[in-house]
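A.B. asks: Below are the structure tokens for one structure; questions will follow.
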Amino acid sequence: MSSDKGEKPPHPASEAANEGVHPEPPKGEAHSERKPKVVMRPKLLRAARRADYQQLKDLLQIRDERRDAPTTTQDIVLNVDTEGADDPRSILEGTTFQGDSALHVVATSGDGDNFKDCATLIYGKARHLLKATNNDGDTPFHCAARVGNGNMVTHLLTLATARDGGYQQQEVEELLRTENLRHETVLHEAVRLANKHMIDELMMVDPKLARHPSNGASPLYLAVRLVEDIKVAEKLHENDRDLSCLGPKGQNIVHAAVLQNIDVCSFRLNKVLGWNMDLVREGDQYGRTPLHFAAPIDHVHISNSRKLLIFIFRKYIVRCFKFLGWSLPIRETNGDNNKDRLTAILMDADESLAYQPDNNGSFPIHIAASEDSLDAVKIFLTKNPDCVNLRNAQGRTFLHVAVEEESYEIILHVCWSKRLAARIVNMQDNDGNTALHLAVAAGDLDAVLHLLMNPKVEINCLNYEGLTPLDISLRREPQGLRHELNKQNWIRQSLYIAAYGKVPCAHPRFDNCKQKVCFCKRITENGNSGSKDDRENAHEQKDSKTITESTQVMGICSTLIATVAFAAAFTLPGGYRADDHPNGGTPTFIGSYAFMAFVFSITSAFIFSLLATFSLVYSGMAKVDYEIRLQQLNSANGLVWRSIRCLLAAFALGLYVVLDPVSHWTALIVCVMCSIGLLYGHVEVVTQIKLAMFLHVRIGFKIWWILRSKIIGQFLRPFWPFIIIFGLPAYLKWRHQH
């Protein structure tokens, strides 16, 4: 989104930490590296820094005693390194490379009596230095106030207002109102430090100083925005009721109160609204009112894991307790319990603020939804239920925005509320897209599942291009090689189950060949140039490189597993019997069930890894047919995973064999830990269960029956080698006993 001037505004939430705190001078004007006309003498700089009054006096007297001496040209003076040489004007005309004069240096270095004496001495020799500015546009007043030298500021004011040698009142006011390159006066520096005494001194000399500058952040804005003590802002307001309330980028003091620390901004906001209620309706240069800033700030950021725990507790456990007739001491929160929220305070001041858009057409509820600020959204909907129908410039509701910004709390709240969901879940934007269309187009599986929870969500709704969410999912399907864990696969599956009550593979539309033809046909109708064969050849060439790279990675893995399994087969746990034994040279634990299982597991790992290596040899050959290479790569992928599981089982069994005779519990713990490790990699099962949990809300327990074969099959399929590893030793031992 961009403003009417083509400038993209920063998000309100991002300005809460840095808006107006550290204004930057215009580029190219501040901190310039230009060499000063006259470089300050080293001894003068040292004397000013250390407030060496005697040395400073000696330096200035040298110039006074030689006042009638003949002068030399400027070029000669600048290149002569003798302290007694003549200067073009005065020794005090020299500056540092930052443009600081001797008075700037003294004002910055301290405010003790010796520094004040040096300032008096310099001022007496060069009165104009009090008005001089450095490269940043700072006067000595700015420099002294910035470092908190309050006594120096008072002393400079005394020099400026002295009857003998001072300035006229108008000149003094112009001096104090001098703005640096940041458009700030000396009062801004005093406000930043919350120095009340310095503020009083400045306002006493110039009562209208707080009205400046006319453009930029006013002192009152800084006092509200930065200073924790609200009494500083109150003092400025009491001294001048007509002072400027403006801030940077067209903001005002109400914006500043909203952007303050969350712990104190509620009280501060009420105080500022009491000064000028009309400011609450004023927008900044992007048209954003204080309510646009308050909505995202009300959101308390918590981790995703904590959100999940809160969701499970509040939506499932509490409901179970209510179903059983039990009660829990939990207070439900809603808009009426948020009286201290910034959003509630501003809405109480003027409820019409919720209907005031910014320059991009976004209403405050859209900003709240983009930051997943559920409390703010509840306040809007409680005080103004019609806010649910507000649309931005793209015709999108706050639910559309929540889907775009992955604000799952907002989506969940809407889908759980039957009345709210009925009014908004199927609303279309300027392109005819519902929130479900946007979620599918973005590939956001979580947003899709949240939306599908509500039965009111129409799955077959057409946008203005005549596409349903299912069509968009097909169009978003990546061409060429893709993993089965691709999110669009899960999205397509969830949409199809919610629409037709069965898994996609049962419908011819999702047959692999027909799906590919349907997708290519749809692209062609959209004006994509080139024949279908050309496109397929281009994809095959690209996929061929992907297959080669995957083969190299998997080849390293399979080779390592084969090497470890081969070595383990000849270094059996427990060692071998001695030569004097009747069966000398045989394994010590031969005949043990655990040992036999170890032997079969290490054998399986070696065989699977070796077969995977053979498959990878074919998949890595570029001259082999594309379909054969792809088939061999998929085969190798399954074999490598099986070999890894067999190797992990062998590791557990090997430790069990040697530990069980001396520490049975240690052996059991090792087996349990390795069993947990075997479950790693079951992403398909976890996602299927997640999909079933969300769709359970929509279609009930039927979803578990629909996905029963997928969940059980995907969980047990990787473990079929364990039937051989643990079943065959048991059978052999039983047969040996009988």
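Using the three backbone atoms N, Cα and C, a Cβ is placed for every residue, glycine included.
TrEMBL entries are annotated by machine, without manual review.
Bear in mind that the values here come from a model prediction, so they are computed numbers and not experimental data.
According to TrEMBL, the record shows the following:
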COMPBIAS  1-10  compositional bias 'Basic and acidic residues'
COMPBIAS  21-36  compositional bias 'Basic and acidic residues'
DOMAIN    545-658  domain 'PGG'
REGION    1-40  region 'Disordered'
REPEAT    431-464  repeat 'ANK'
TRANSMEM  553-573  transmembrane segment
TRANSMEM  593-618  transmembrane segment
TRANSMEM  639-659  transmembrane segment
TRANSMEM  665-682  transmembrane segment
TRANSMEM  719-734  transmembrane segment
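Each of these features: where is it, how hidden is it, and who are its neighbours?
C.D. replies: Taking the domain 'PGG' (545-658) as a whole, pLDDT averages 84 in the prediction.
Residues 394-395, 397, 399-400, 402-404, 406, 408, 411-412, 414-416, 418, 421-422, 425, 470, 472-473, 476, 487-488, 490-491, 494-495, 498-499, 690-691, 694-695, 697-698 of the same chain, all 6+ positions outside the repeat 'ANK' (431-464), place their C-beta atoms under 8 angstroms from a C-beta of that stretch.
Proximity of distant same-chain residues to the transmembrane segment (553-573), defined by a Cβ-Cβ separation under 8 Å and at least 6 residues beyond the stretch ends, is recorded for 587, 589, 595, 598-599, 602-603, 605-606, 608-610, 612-613, 616, 620, 633, 636-637, 639-640, 643-644, 647, 650, 654-655, 657-658.
Non-local neighbours of the transmembrane segment (639-659) in the same chain are 554, 557-558, 561-562, 564-565, 568, 573-574, 589, 592, 594-595, 597-598, 601-602, 604-606, 608-609, 611-612, 615, 666-667, 670-671, 673-675, 677-678, 681, 718-719, 721-722, 725; each lies 6+ residues outside the stretch with a CB under 8 Å from one of its CB atoms.
Within the chain, the transmembrane segment (665-682) has long-range Cβ neighbours (under 8 A, six or more residues past its boundaries) at 641, 645, 648-649, 651-652, 655-656, 659, 714-715, 718-719.
Cβ atoms under 8 Å from those of the transmembrane segment (719-734) belong to residues 593, 596-597, 600-601, 604, 608, 642, 645-646, 649, 678 of the same chain, restricted to positions at least 6 beyond its ends.
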A.B. asks: With DSSP as the yardstick, break the domain 'PGG' (545-658) down into helix, strand and coil residue counts.
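C.D. replies: Going through the domain 'PGG' (545-658) residue by residue, I get 85 helix, 2 strand, 27 coil.
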